[in-house]
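Comments concern the structure below.
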Amino acid sequence: NRSDLSPSSFILASIPGLEAAHFWMAILLCSMYILTVTGNCAVLFIVKTEPSLHAPMYFFLCMLAAIDLALSTSTVPRVLSFYWFNTREISFGACLVQMFLIHTLSAIESTVLLAMAVDRYVAICHPLRHAAILTNAVTVKIGLVATARGVLFFLPLPLLLLPLPFCSSRVLSHSFCLHQDVMNLACANTTPSVVYGLTAILLVMGLDAILICLSYILILKAVLRLALWKERLKVFSTCVAHICVVLAFYVPLIGLSVVHRFGKDLAPLVHITMGNVYILVPAVLNPIIYGVRTKQIQRRILNLFHIYND
């Protein structure tokens, strides 16, 4: 009997006492989702139509935009359906697919952020070799490797949960499916799933974070060797946008991990808020950060507005 092995569906979390505010929470999430779609589509359009932006750094930015679009689209419409129409149930299969997409896309984004850090290192420390090392073909290969890495490392997560029996409780602590959340509802030994999940996180996000820090240590050493402070600031300013994007990705990720590990007694509002921040905030901020910090993108946006105003 399949009901002895897994539930037919899970129940998405709601905030006790705030059910009446679901409509307004959905309006906020919908607004952030519209900003995400608009901002990231604008980045993709601008880079595609502006030949001067056909360079590795901007191709990586396009990868980030595509990932953010996919990640937000795999979660937000379902959350909005829950808040607006009270459709709290999500099928077991759909939950596993959503979980796989969230973790895989996050892993791909982490790898792309590492590639962008390497791009900044080569551009600053070996500027004469930058064009030869990071060609467009190499950039495409990095994108393919990032995708394969994410899929291979995180495909086993839902597969490890498939054979587990689940207890009577089917209520998740988020309004979408995460591996740790679903795993906690199993009433069997989850050690293999715990060990593999932790190993995958450390070998992907953890290793990427260490290598990004190492890249910036080498960049700082190169910058400090410059004679004038004005030159140092000018060179390092090319890294500011990437540093902000890295923080926008890793801070919510670490916060969500801490909440799962140590925040079992916290109010449901904390879990739901941290989950939504993890999914939406980086996707909203990334195009804004690069739009503010990149003159070529600023100029292209202003040109577009000028065309439409005319």
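Positions of Cβ are set from backbone N, Cα and C atoms, glycine also.
Predicted, not measured: the structure shown is a model, and the values here were computed from it.
In TrEMBL this protein carries:
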type	residues	note
DOMAIN	39-290	domain 'G-protein coupled receptors family 1 profile'
TRANSMEM	20-46	transmembrane segment
TRANSMEM	58-84	transmembrane segment
TRANSMEM	90-118	transmembrane segment
TRANSMEM	130-155	transmembrane segment
TRANSMEM	194-219	transmembrane segment
TRANSMEM	240-263	transmembrane segment
TRANSMEM	269-292	transmembrane segment
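Sequence-distant residue pairs (6 or more apart) of the transmembrane segment (20-46) and the transmembrane segment (194-219) include fewer than 3 whose Cβ atoms are under 8 Å, leaving the two stretches without contact. Contact between the transmembrane segment (130-155) and the transmembrane segment (269-292) does not hold: fewer than three of their C-beta pairs are under 8 Å, each pair 6 or more apart in sequence. Across the domain 'G-protein coupled receptors family 1 profile' (39-290), mean pLDDT in this model comes to 90. Non-local neighbours of the transmembrane segment (90-118) in the same chain are 6-10, 12, 57, 60-61, 63-64, 67-68, 70-71, 74-75, 78, 134, 139, 142-143, 145-147, 149-151, 153-155, 157-158, 161-162, 176-179, 182, 200, 204-205, 208-209, 211-212, 215-216, 242, 245-246, 249, 253, 279, 282; each lies 6+ residues outside the stretch with a CB under 8 Å from one of its CB atoms.
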